[in-house]
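Undergrad: Structure in structure tokens, see below.
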Amino acid sequence: MPSFSSIHGSWSHRWVFILAVTGSSVGLGNIWKFPYMAGENGGGTFLLIYIICVCLIGLPLMMAEVIIGRHGRLSPVNSLKAAAFVSNKNPRWRYLGAMGMFTGFLIFSFYSVVAAWILHYLLALLTGRIADVGVDQATRYFGELLLNTEILLVGHTFFVCLVVWVLSFGVRRGLDRAIRYMMPILIMLLIMLVVYATSTGYMPHAISFLFHFDWYYVTAEVLLVAMGHAFFTLSLGMGTVMAYGAYLSEKESIGRSVIMIGALDTLIAILVGLAIFPIVFAYQMAPASGPSLLFVTLPVVFAQMPGGQVIGFMFFLMVALTAWSSAISLMEPITAWMIEKFRVKRYQAAVLMGFAAWVLGVATLYSFGALSHWTVFSLNLFDLLNFVTTNILLPIGGMLLAIFSGWFMSESVAKKELNLPSNGAFEIWQGCIRFIVPISIGVIFVMNLYNVTL
Ligand code: ILE
């Protein structure tokens, strides 16, 4: 039954909630996907399409997650059960919460492996090990790192411990406190990097790469890329936003907070682009995306620039912080659920779930080396987890969530939680969540699978 505050605790302030969800949203998606995607798909055109997708799909779905979370005040499984209960509907909707929570857990297990790579680069920059790499050397260095499972195991273990440590302290003393330090540091580092990037004199090139407007790019494909990304970057369908919503005070406006989160996430993604591309262009490198941007292109640039070791260290520290805040959010739903289900203490739940994710992460880590022969459809475990979560579990979960919130959940729950002025805002949300969100996600889902199987 819904109660006024969660048994897990609550955020100390609305801004901490906003920063916590922003911390969850801002992750590798913003760093190695967004800037490149924008640059490659028509810059300003992509940005405009992306912002429309965030407004019409991302934010309505995020509001739905916060509504359900704040109404139930429990883990996604039990919050969904509570929302279904008052709507006099099937308690089996809780399995949808379980699916999101499980997806978050699976994503965490390979996110932590990427975090181990990041931590390694952080150390390599600190000790000057990659101080003078060229492209070939950097490519080789990264390839060798993937096979160096002993070193990565240390990083992976350390990262899991960092996440478990924060989770163990609970919402107020753990998550809330960590976010209050982490996010300002992250934003400050980012601003410093943008200022540095401006000093290279290549900012105009980056701006034109990121923002040039061209009607030529208004295509179905760009729309698909933008929709898929909006969904992934806002951490939707992973139980995260629902869990975080459960700790938000009932006094706060869900609509305003969610709009703020969407704006901050987009702003940070743009700033990351403005920090990266001027230096990439200044050193005549081709912009890349994915792991090669972070682990090949940028180390080469840092090796060439004066003070590159310091700038590189700051950059990787920022990336590590984004990965940490996202990872905490991926594990909070399953930790909260375990406490509710088995009545264990928080640290016990965090350690147990952390250990389970660590084991899966170890297998993922070895999927580049000793376990590389374990493949499904020629994908190793790392790629398989990435593919199944991003292309299958997230869209299915998000679509079902929209269907539940729009068609099955009692309207009074949504109205009470959203508490919107009677100027048609509620109807707009409802129209999005009933039609636009499920149909768009359905289209992304089918097209993605079609693209992959082609
Ligand atoms: N939203 C984050 C990102 O963009 C994570 C997605 C949590 C799995 O990287």
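A Cβ is built for glycine as well, from the same backbone N, Cα and C atoms used for every other residue.
Taken from TrEMBL, the feature transmembrane segment covers 12-32, 44-64, 95-119, 151-171, 183-202, 222-247, 259-286, 306-328, 349-372, 392-410, 431-450.
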Undergrad: Can you name the far-off residues of the same chain, 6+ from the ends of the transmembrane segment (259-286), with a Cβ under 8 Å from a Cβ of it?
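TA: For the transmembrane segment (259-286), the nonlocal Cβ contacts are 18, 21-22, 25-26, 30-31, 34-35, 38-39, 47, 50-51, 54-55, 58-59, 62, 187, 190-191, 193-194, 196-198, 200-203, 205-207, 209-210, 233-234, 293, 297-298, 300-301, 304-305, 311, 315.
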Undergrad: Per the definition of 3+ C-beta pairs under 8 A with sequence separation of 6 or more, do the transmembrane segment (12-32) and the transmembrane segment (151-171) touch?
TA: no
Undergrad: Please indicate, using numbers and ranges, the residues of the same chain that are 6 or more beyond the transmembrane segment (44-64) and have a C-beta under 8 Å from a C-beta there.
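TA: Answer is 21, 37-38, 210-218, 222-223, 225-227, 229-231, 234, 236-237, 241, 254-255, 258-259, 261-262, 265-266, 270, 398, 401-402, 405-406, 414, 418, 429, 432-433, 436-437, 440-441.
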Undergrad: Is the transmembrane segment (392-410) packed against any residues at least 6 beyond its ends, judged by a Cβ distance under 8 Å, and which are they?
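TA: Sequence-remote neighbours of the transmembrane segment (392-410) are 60-61, 64-65, 67-68, 80, 83-84, 86-89, 93, 96, 99-100, 102-103, 106, 231-232, 236-238, 430, 433-435, 437-438, 441-442, 444-445, 448-449.
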Undergrad: Could you pull out which residues elsewhere in the chain have a CB under 8 Å from any CB of the transmembrane segment (349-372), counting only those six or more residues past its ends?
TA: 105-106, 108-110, 112-113, 116, 146-147, 149, 152-153, 156-157, 160-161, 163-164, 167-168, 331, 334-336, 338-339, 342, 380-382, 385
Undergrad: Among the recorded stretches 95-119, 183-202, 222-247, which has the greatest number of Cβ pairs closer than 8 Å to the transmembrane segment (151-171)?
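TA: Between the stretches 95-119, 183-202, 222-247, 95-119 has the largest tally.
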